[in-house]
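Taken straight from TrEMBL:
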type	residues	note
DOMAIN	B:95-306	domain 'ABC transmembrane type-1'
TRANSMEM	B:9-27	transmembrane segment
TRANSMEM	B:99-120	transmembrane segment
TRANSMEM	B:132-157	transmembrane segment
TRANSMEM	B:177-197	transmembrane segment
TRANSMEM	B:242-263	transmembrane segment
TRANSMEM	B:285-306	transmembrane segment
Amino acid sequence: MDKPEDLLLDIQHLHTAFRVGDDFYDAVDDVSLTLKRDEILAIVGESGSGKSTLATSIIGLHNPMNTKVTGDILYSDLNLVGLNEPIYNRLRGNDIGMIFQDPLAALNPLMRIGDQIAETLLYHTKMTKEERDKRVLELLGQVGIPNPERTFRQYPHELSGGMRQRVVIAIAIACKPPIIIADEPTTALDVTIQAQILDLLRQIQSETHSGIILITHDLGVVAETADRVAVMYAGQIVEKGSVKDVFEHPTHPYTRSLLRSMPQADSDDDELHVIQGVVPSLKNMQIEGCRFAERIPWIPDSAHEAKPTMHEVGPDHFVQCTCYKSFHFEDEPAPTAEQIAAAPDKPAVETAVGGAGVTDDSED
Amino acid sequence: MWKTILRRVLIMIPQLILLSILVFILAKMMPGDPFTGLITPQTDPAQIAHLKAAAGLNDPWWTQYFHWVVNMFHGDLGQSYTYKRAVTGLIGERAVNTFWLALLTVVISYGIAIPFGVIAGRYEDTLRDKSIQLYTFVLLAMPSFVFYLFGLVVFGYVLQWFPTSGYVSLNADPGTIGYWGSRLYHMILPALVGGLVSTSGTIQYLRAGVIDNTNEDFVRTARSKGVPERVVFNRHILRNSLLPIAAFLGNSITGLLGGSIYVETIFSYQGMGQLFVSSITANDYSVITALTLLFGFLTLLGNLLSDIIMSIVDPRVRVE
């Protein structure tokens, strides 16, 4: 079903390191991911898990003075890592559109809305002023602004949060980029507006057939919106697969803990599940071994791999480290040796176009 | 836009009335009266009392205030006893001198401060930034009159590049090109040192603004659109960084119109600041009152100017 030409982005062994004092620390550590046309890929994780850093690395907006990006980000026949600035600038806005978290801060307070959207068109198209203005009005209508002519002349402070986020989306899609990165696009909005914005993203995705990378910490958003999901913890991807697989068969202890921490409307439990500890800071990140181990201390050390690798536990469903086999919550009985041995596991053969040679023996 | 300005001007009317009452009461509380300077040991006390009564000084204060205001509207602010002439004419002449000096000072000050602030902010922590920072700290740490004296001694007396006092050569014919050249020549040194001293605040504000705005989300948005770095800086970072400077512009212009007491005294430049100091030392009652009122008015005008400038450059402060 996947054709190679559907592949938009192929990220291989990406490292993004920040300078702290004199040393560099990996905020994104050996991440491999693909983005296909016509899909919404969610990247989910706690604050500090490196998901926004990953997004910023794709669009190349890290300050080169204190950031080192290594690995490959392949887009058509270009490697975005180390790409020279003038070429990168031609891609930004035109091939990769970015939607930011806080829609008020993301807009220049001194510029009219129309001019801010037209700015993208100015540097990527040969349109005349009239053509640009016409296209901006079209875009404002497309993102659901009720009175495009009026909003065109307004300033950001005159709009509500939801309207501003629509404007930010209009900026990102102005040149119909094949890749759209949405970095927590709904975090700053209230719940009803969140749903509208997510609907809008899905609608844009189906109209433009673009690939969207949706960064969020909200598993509810993932379940509702995304096709595939990658769960990030401490700079690494610990589980990835289709939303259906990951939500129905969450496998990595971190994913399972996250899902268990979600408040359930129909649950009688008063107490919310809490994952012990915190995401380690950049400087205190352990380099070797399973990074989640310290937050599940009741699981014996022998359950973890010394050098965690990816394991294929289902078709196109990958999990890092072997600890998922012996994992149980503290209030549950530990799995027996037979159960551990029977856990699905195939050494991952990751290809650019998803899992090749997958058999169906992984379920149950 | 015009409505906002009109409303802002209307608000100034009660402020001005309050200001004039305050200045009048302060003047009444001062020891002495407009005739104090005229009294000599030979003066007959009965004659003074007669003069006071004729001038209405025995009337209730509100009647006196009313007369004062009516006279003011007729351009009569009383007589200066030290200069033996009408206060209006005296201040008018000094105001022209101060106006030209202020204009040159503002041009020099912003002409230096804006490029310095931009360079310091844009190239944060480089040698260029550190040199500019050192310059502003030296200026901030030194009392301004020390700097003025230093300028006067070095460029006036030692190098003798510029005249050390006055606002024009005594032998220049008013109206000729030589006369204006001489005025400019007299202004350069005071404007230069005055302008340099007032750069430090502007540089610091602009530097901080550029550094802060560089990390703003909207700058990241601009970069994510593929806007060239030069345009990102000019259109997105610089314009937003100039806002605090614009907010002070009105006040700094009218502030300078009040005349710099230090600059004008040290360079013996016949402007408003020098007049104010000499009128206080001589207890020249009418001049002090008129100048105090004028300085208060300039402050209000400065606020008005700043508000108007802000409403032009920042859409967020525009009131519909």
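Glycine is treated like the rest: Cβ placed from N, Cα and C.
Unlike curated records, TrEMBL annotations are generated automatically.
Only sequence-distant pairs (6 or more apart) were considered; of these, fewer than three Cβ pairs between the transmembrane segment (B:285-306) and the transmembrane segment (B:177-197) are under 8 A, so the stretches are not in contact. Nonlocal intrachain contacts for the transmembrane segment (B:242-263), taken as residues 6+ away from its ends with a CB within less than 8 angstroms of a stretch CB, comprise 94-95, 98-99, 101-102, 105-106, 109-110, 114, 144-145, 148, 190, 193-194, 198, 201-202, 205-206, 209, 269, 271-277, 294-295, 298-299, 301-310, 313-314.
Long-range contacts of the transmembrane segment (B:177-197) within the same chain: residues 100-101, 104-109, 111-112, 139, 144, 147-148, 151-152, 155-156, 161-163, 166-169, 256, 260, 263-264, 266-267, 269, each at least 6 residues beyond the stretch ends and with a Cβ under 8 Å from a Cβ of the stretch. A Cβ distance under 8 Å defines the sequence-distant neighbours of the transmembrane segment (B:132-157), meaning residues of its chain 6+ beyond its ends; these are 116-117, 119-120, 163-164, 189-190, 192-194, 196-197, 199-200, 203-204, 207, 262-263, 266-267.
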